[in-house]
Amino acid sequence: MSVGELYSQCTRVWIPDPDEVWRSAELTKDYKEGDKSLQLRLEDETILEYPIDVQRNQLPFLRNPDILVGENDLTALSYLHEPAVLHNLKVRFLESNHIYTYCGIVLVAINPYEQLPIYGQDVIYAYSGQNMGDMDPHIFAVAEEAYKQMARDEKNQSIIVSGESGAGKTVSAKYAMRYFATVGGSASETNIEEKVLASSPIMEAIGNAKTTRNDNSSRFGKYIQIGFDKRYHIIGANMRTYLLEKSRVVFQADDERNYHIFYQLCAASRLPEFKELALTSAEDFFYTSQGGDTSIEGVDDAEDFEKTRQAFTLLGVKESHQMSIFKIIASILHLGSVAIQAERDGDSCSISPQDVYLSNFCRLLGVEHSQMEHWLCHRKLVTTSETYVKTMSLQQVINARNALAKHIYAQLFGWIVEHINKALHTSLKQHSFIGVLDIYGFETFEVNSFEQFCINYANEKLQQQFNSHVFKLEQEEYMKEQIPWTLIDFYDNQPCIDLIEAKLGILDLLDEECKVPKGTDQNWAQKLYDRHSSSQHFQKPRMSNTAFIIVHFADKVEYLSDGFLEKNRDTVYEEQINILKASKFPLVADLFHDDKDPVPATTPGKGSSSKISVRSARPPMKVSNKEHKKTVGHQFRTSLHLLMETLNATTPHYVRCIKPNDEKLPFHFDPKRAVQQLRACGVLETIRISAAGYPSRWAYHDFFNRYRVLVKKRELANTDKKAICRSVLENLIKDPDKFQFGRTKIFFRAGQVAYLEKLRADKFRTATIMIQKTVRGWLQKVKYRRLKGATLTLQRYCRGHLARRLAEHLRRIRAAVVLQKHYRMQRARQAYQRVRRAAVVIQAFTRAMFVRRTYRQVLMEHKATTIQKHVRGWMARRRFQRLRDAAIVIQCAFRMLKARRELKALRIEARSAEHLKRLNVGMENKVVQLQRKIDEQNKEFKTLSEQLSVTTSTYTMEVERLKKELVHYQQSPGEDTSLRLQEEVESLRTELQRAHSERKILEDAHSREKDELRKRVADLEQENALLKDEKEQLNNQILCQSKDEFAQNSVKENLLMKKELEEERSRYQNLVKEYSQLEQRYDNLRDEMTIIKQTPGHRRNPSNQSSLESDSNYPSISTSEIGDTEDALQQVEEIGLEKAAMDMTVFLKLQKRVRELEQERKKLQVQLEKREQQDSKKVQAEPPQTDIDLDPDADLAYNSLKRQELESENKKLKNDLNELRKAVADQATQNNSSHGSPDSYSLLLNQLKLAHEELEVRKEEVLILRTQIVSADQRRLGRNAEPNINARSSWPNSEKHVDQEDAIEAYHGVCQTNSKTEDWGYLNEDGELGLAYQGLKQVARLLEAQLQAQSLEHEEEVEHLKAQLEALKEEMDKQQQTFCQTLLLSPEAQVEFGVQQEMSRLTNENLDLKELVEKLEKNERKLKKQLKIYMKKAQDLEAAQALAQSERKRHELNRQVTVQRKEKDFQGMLEYHKEDEALLIRNLVTDLKPQMLSGTVPCLPAYILYMCIRHADYTNDDLKVHSLLTSTINGIKKVLKKHNDDFEMTSFWLSNTCRLLHCLKQYSGDEGFMTQNTAKQNEHCLKNFDLTEYRQVLSDLSIQIYQQLIKIAEGVLQPMIVSAMLENESIQGLSGVKPTGYRKRSSSMADGDNSYCLEAIIRQMNAFHTVMCDQGLDPEIILQVFKQLFYMINAVTLNNLLLRKDVCSWSTGMQLRYNISQLEEWLRGRNLHQSGAVQTMEPLIQAAQLLQLKKKTQEDAEAICSLCTSLSTQQIVKILNLYTPLNEFEERVTVAFIRTIQAQLQERNDPQQLLLDAKHMFPVLFPFNPSSLTMDSIHIPACLNLEFLNEV
């Protein structure tokens, strides 16, 4: 293609510009050869005439098509030159905010000066395992490439990060190490990756400082080697450092700082542990205040210092060593602030002995103050004959002090690096390593000194290695593709390197000058001029004799020779070092001891391998003064050679960091600074090498798909795509040197792809014009036809309108005639109707008049008859009354006579004795009845404490009075006893009436008080109600104002609560997942230990308990109440201490029971103390002369005897109960159920009988003991007569519990009564009157005791009511205070406070009710279980008795009779022997294959296991149930561990585990799970055991199996997703292929086509669905499985879309929508659309729509914001930035449009995370799904080999 064709009109070019470096312009006129200028139009529409150098024929650079702008790889550009590279980087950085770009094998990283969310764990996992060209450029992609090549090629790798200060080298190296630490984490528990990352804060603190270009500039170079084992896990690391900038310790330029550690230590100086450092603010020290500002914006030095200390601790540096390090650093600050005073002569100096800084320096380093003070100002000169001390001038002293400070810091720096290496060192064998080199880039300043010279020398070496590596890769690519190789001329900087390091080079001359005693910088510069003036890389400045210029590969640099010799010598006086060696601190002395030989420079010999041994590169320590001390330049050259050897033995990867501006502004691009760095870092050299060959490379398939429009129709008939591509190129490009055909690719020269793109665009433009022409003609024809049709339609409608108007007129005329006819007819009809109505009215009135006359006559006759009837009745009643009055008078007279006779007889009878007896008996009965009535009334009113006390005192006085009267009666027996008894009865009546009246008075007073309280409470309630009404009104007003807002808040709260529930469930399941992972990890470690320990000795014994058994370690199973302590103890005895220790449930129950017993013991102790206090008070209150007082010794003896007796009885009963239970358990385990039941039952009866007999004996012994105590008490009081009574007959209610005082008092009363009854015989011959009086007294005594008891009860109730009243008062006061506080609040706050109060009240009530319900449920379960046990035992007993009777009858038969056994139906239980359990688990779980059960009932193993469990439950064998369930769970875990990648096996056991869980719920006996059971199924429920805890264990196991199932499915689907969803063309011909760069030739890409289509994913999901359905997995779980899988598809696809620029296009959006619709159709076809899977795909659906929407106007932005609700703001902006047009007819998204989107989305509170969490797992739910099968209908196939199971 000729130059004229390239430089035609409208062609865009690049021209130089002084401000922007390069500027775009467009040709307004075709260029012809020979023209001296070009007519250009700039972007601001200005016209420019650009001159051309005719001799050199240098035309401006051509600009790439817009479709190629913004490419990920700069080598994909068609025109490769400096302006194209600069423009592409600028577009990506400013418009798309992409900081990473590939340039062949180099990753260009531009510092954004802003934190970007692209370095999280999700991004690391997204790049892990991906090929380098598949994702957008990133530092993680380079790290993954190095890691993958190390694992595949087994070759060491290196990542070389370079750039100038402030470009972001340290951060890039840190992210690379973080990637390796995450992806290649250590397999052991050493956490070596954390230690590797922890070294960064330490090295930044001691090696980084603030400069004018960077706030965190690394002032040293470092090379970190991360070691890996054979499995490519990190096992260790090592660090080498280069050229620490020691001069910064003593000098800083303006606006710069010293190393960070100094300022961090000053910021933490206030801490108590740092008081001894004597530090203050950083402004107070000379070494930290020279740069001015000592702080950095946004940096907290104290916080960074804490991170540094934590890093030291993590790396194993002791606290003592840390303090020593901080002391040395602080001493350097004090040394810099020492005041040095010059003497008058000027040749000597001195330091004040009282100098605080020097004292602190010597104290912190542990050296002598006087010695240091002397040798800071003096030096020793040694000659051949003598040694003498010489003073130094002020400048010499300052230089010596600074040299000492630098030397101390350098030694400390080396010591820290050495100890970091020790912490990162490993004893394991290193298989390979990846090195990360963070080294300074090319530097040039206004004044360049020795440091810049060394830095640029290192960059020359690295650039040489880089050039050779790029050249080597190009050569390998051409040879691989079999392209004819032609030598590419590239820049070789070996002459410049020879100038520096060759013999008699710059470094050699510098070292030679340093050896001269009086060598100077000027002499050295003159030697350079003389020696190298002829070199093309060396120049002498015109205006200086002390400077020299070196022509580096990047630029010319002028170095000032002043200070070169001093810095190269790095001289420190030996006397000062000797003082430091004598320090009393070991660390300080060790820093300066030089007992180690310096490390010699080594060169690779014959046996050197690629694995380089790593050694420290810090400068070696100073040797003896007699030996030659190596200079800094020599040391640096040696370490640099060692570094180059290491890099040459590895595969390098390059990261070039670019600083976009010097002002540190975020996303601000300075073209001048960028071009300067691009030239210096070798990026343009890479471009030049690529452009010299064939930079554009296309695969045949991609080339055919892209440029098939240029192929002629007849050529498309050929099926060989390579042949088609050859013919097309030969026809289109005439020059054969412009392209080459490789084995798999086509290679193009620079500019050829742009030419092909132009031809393709012209072809499309021609086709577009043809389409537009055709479409426009068709549109005009359609428009004409539409107008013609409209005209005909208008005519038709007009004519119709006229015809309709004529017809309307005719209809109106006819209607008028009809109206007239009907109107006339109506008038005639109305006249006739009027006449007819008048006639009818006249007739009606006439007829009514005659009827009324007849009615009045009949009414008069009826009234006369009524009057006659009433008069006759009155007369008859008057006569009857007169007769009745006469009869009554006669009756009254007769009755009066008869009554007088009876009265006379009664008077006679009243004087008889029999009547008196009956009267007395009646009075006793009446007294008893009155007492009963009093008791009933006392029960109704329990608050009469005062009346009861009065009544008690009254009865006490009455008893005393009666005693006195009894004595009086005994003294005067001759008086009339009957009259006295009558008087006494009358007095009792009066007293009783008085008691009744007092009681009524008390009741009235109580009722009045009660009424007053009720009234007060009612008033308060009324007031409270009024306040509540006011509150409700205010609430209603507020609610009316914010009704909508409240509704929204409630909806949000509901959603939030649902979300919290899901999160809680997810957290629980994550814990289960982590537990299973830890379990697996433990197993792996145990296996590894078993493998490692192959030598005899102590080994771990094989245990039958797997570590997986920890889920189900012996849950407690009891046949009685779960909380029973004795049952728990029995379980501990039966299971054993080892197993019982694992049972946390039993342990917690025992703990709870112990706490309850302790509380009960304390309560009894308090009651006992209270009773003793009451007894002591009673003893003190009673008078000493009473006859019935007891001795305190007898009281204590009685209490001790009683307590000992009860304790012994309780202990014996407990022992009997334990023996009974143990015997029953042993009998149940030894014998069968049929023979063992009667024996255990009879044993139980015998034990109960013995217990009852023992109890009766104990009661009798207690009564006898009480009798003996009483008799002893009587003997002590001097009684003569001992009563002989029966304890049982003397004490009523003797079997009830009676207090000791009451019993003795009653006993004395009976004795007195019995002694007095002997004197009652003289009253009458029968003694009946005395007996009556005795009974009356006993009744009175009984009433008195009952009244006392009731009075005590009433007192307690009164106290309780008073306490309640006080509590109510306090509550009312609190409510009043709260109400007053509430009134002071705002209405909204009142509502909120009221709601909070109500919520707290309801919460407390709910908790109380819940506790009550739990207690009731617990009691109910206990009673149910006991009832079941007793029913079962009773049934077993009846069956045993029936069997015994049948046996007895059978023995009574005289002849032999054959009895036929009746076949019983299968009851759904399977019996097996204990020794067959292992065989059962092996055949049914461990060795079972899902294919063996094809065609049988789904989940058959679960049903079989349940039937075995049911039989163990039937036989009440809890050990068997426990053993079977534990073995089953462990067996399932073992199978799943063995088949951890088998989807079918995992699905099989998930379905069986869920079915077993459902069976345990369905047949548990809980009514909530039995609602759908049939009557037959209810018979199969468990009878004895509650397996709730095992259900929880099975639920956790189901969660683990579900998570393993999801993991397997995701592992199968994940490799297919990206290829099927994004890359495969579901719609053929829709997507185009763009040019790709060097990165598509990634050496990590595997050979072969691993592409998948959507049908592959659908086929795989069909397979999953079929397997789960065939194995009977619950439909709800299947829905959750596919919801999780669809979320994973959505997350992986969207994450790749967000990280890949090449797939963010309109055609990809169309492909995505088509693929998603196919997946939705599949869901509907499988009836899975209700699973919520489509909702999980919503972000991907919206992303596909976003790619297809229009992106220009404000309306488009609003539409995008309203549509993309499931995408975050960052994701939307990221997709818009990545959007790439595939042809020239599409337009890019403008920056202004993206800013508009960001402005509209500012209100969103989206998370900062860019990518979706592809590993997120929804919490799984296992809904209860009962089975319709009955256990007796299950058939066991013979293939299971379960013949040892017996059907029951």
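Glycine too: its Cβ is placed from the backbone N, Cα and C atoms.
The ATP binding site annotation in TrEMBL covers G163, E164, S165, G166, A167, G168, K169, T170. Look at TrEMBL and you will find 896-947, 1203-1265, 1333-1463 tagged as coiled coil. Residues annotated as compositional bias 'Basic and acidic residues' in TrEMBL: 1167-1180. What TrEMBL records for 8-60 is domain 'Myosin N-terminal SH3-like'. TrEMBL lists 69-761 with the feature domain 'Myosin motor'. Sequence annotations record features per position, and here TrEMBL assigns domain 'Dilute' to 1526-1803. Residues annotated as region 'Disordered' in TrEMBL: 596-630, 1094-1124, 1167-1193. Residues or ranges marked as region 'Actin-binding' in TrEMBL: 640-662.
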Any idea which of the binding-site residues G163, G166, G168 has the thinnest Cβ neighbourhood at 10 Å?
G166
Cβ within 8 Å of the ATP site's Cβ centroid: which residues qualify beyond G163, E164, S165, G166, A167, G168, K169, T170?
N111, N214, S217, S218, G441, C657, K659
Mind telling me which of the binding-site residues S165, T170 has the densest Cβ neighbourhood, counting other Cβ atoms within 10 Å?
T170
Going by DSSP assignments with H, G and I as helix and E and B as strand, what are the residue counts for the domain 'Myosin N-terminal SH3-like' (8-60)?
0 helix, 24 strand, 29 coil
Counting only residues 6+ apart in the same chain, whose Cβ is under 8 Å from the Cβ of A167 (ATP binding site)?
A109, N111, N214, G441, C657, I658, K659, Q677
Which number gives the other C-beta atoms within 10 angstroms of the C-beta of E164 (ATP binding site), all protein chains shown included?
24
Using Cβ-Cβ distances, find the residues under 8 Å from K169 (ATP binding site) that belong to the same chain and are at least 6 apart in sequence, listing them in sequence order.
V161, S162, G163, S218, D438, I439, Y440, G441, C657
Mean predicted confidence [pLDDT] for the coiled coil (1333-1463):
70
Could you give the number of helix, strand and coil residues in the region 'Actin-binding' (640-662) as assigned by DSSP?
9 helix, 8 strand, 6 coil
